[in-house]
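Written below as structure tokens is the structure these notes are about.
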Amino acid sequence: MTAQSERTLVIVKPDGYRRGLTGEVLRRIEAKGYVLAELKVATPDRERLAKHYAEHEGKPFYQPLLEFMSSGPATFAVVEGHRCIEGFRALAGATDPTAALPGTIRGDLGRDWGEKVQANIVHGSDSPESAEREIGIWFA
Ligand code: DAT
Ligand code: MG
């Protein structure tokens, strides 16, 4: 990692993996000019998901979120590049895939399936502190 660089954790969630959208998401990350530093496929376990989503504990969508996230394989990537945290969040689009703008991953590829949780294809860290914390959870 260069001095100018930054790292973020990207997850192609189980809905994205099941729909065969992993390649499309990774393509957009690379087309933007970011680098894939680490990559793996794994089914997220409840213990690490609880750490990852600790900020949402107690919210109405928390249990459905853990249920959904542990429902099958996901792709984990450490993405690198100057301002990639903000940049990937822009590529991903708004949390609600129905409202997410066309041109974004969630806006182009996601929708509301009427479930209790937003199945919105991707996760991206929201700050340098979150990124290092989350990379530590999934790439320990
Ligand atoms: P983001 O993934 O855009 O950073 P977040 O951190 O607020 O959003 O929430 C984590 C995930 O939880 C999100 O990707 C989908 C789900 N979620 C968030 N808010 C929700 C809501 N109001 N209803 C259902 N699911 C929600
Ligand atoms: Mg978040």
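We count from 1, first residue shown onward.
Cβ from N, Cα, C; glycine included.
Curation plays no part in TrEMBL annotations; they are all automatic predictions.
If you look up TrEMBL, you'll see HIS123 marked as active site, pros-phosphohistidine intermediate. Annotated ATP binding site per TrEMBL: LYS13, PHE61, ARG89, THR95, ARG106, ASN120, in sequence order. Annotation source TrEMBL lists domain 'Nucleoside diphosphate kinase-like' at 5-140.
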Sorted by position, what residues of the same chain at least six away from ARG106 (ATP binding site) have a C-beta under 8 A from it?
ALA92, GLY93, ALA94, THR95, ASP96, PRO97, ALA100, ASN120, ILE121, VAL122
Residues of the domain 'Nucleoside diphosphate kinase-like' (5-140) by DSSP state, where helix covers H, G and I
59 helix, 26 strand, 51 coil
Average the per-residue pLDDT over the domain 'Nucleoside diphosphate kinase-like' (5-140) and send me the rounded value.
98
Let's check the environment of LYS13 (ATP binding site): how many other CB atoms sit within 10 Å of its CB?
24
Can you go through the binding-site residues LYS13, PHE61, THR95 and pick out those with a C-beta less than 6 angstroms from ligand 1?
PHE61, THR95
Taking every protein chain in this structure into account, which of the binding-site residues THR95, ASN120 has the most other Cβ atoms within 10 Å of its Cβ?
ASN120
Mind computing the max CA-CA distance among LYS13, PHE61, ARG89, THR95, ARG106, ASN120, which the record assigns to ATP binding, rounded to whole Å?
21
Give the distance between the Cα atoms of HIS123 (active site, pros-phosphohistidine intermediate) and LYS13 (ATP binding site), rounded to the nearest whole Å.
7
Would you say which of the recorded positions ARG89, HIS123 has the most Cβ atoms within 10 Å of its own Cβ?
HIS123
If you skip the near sequence neighbours and keep only those at least six away, which residues in the chain come within under 8 angstroms of PHE61 (ATP binding site), Cβ to Cβ?
LYS116, VAL117, GLN118
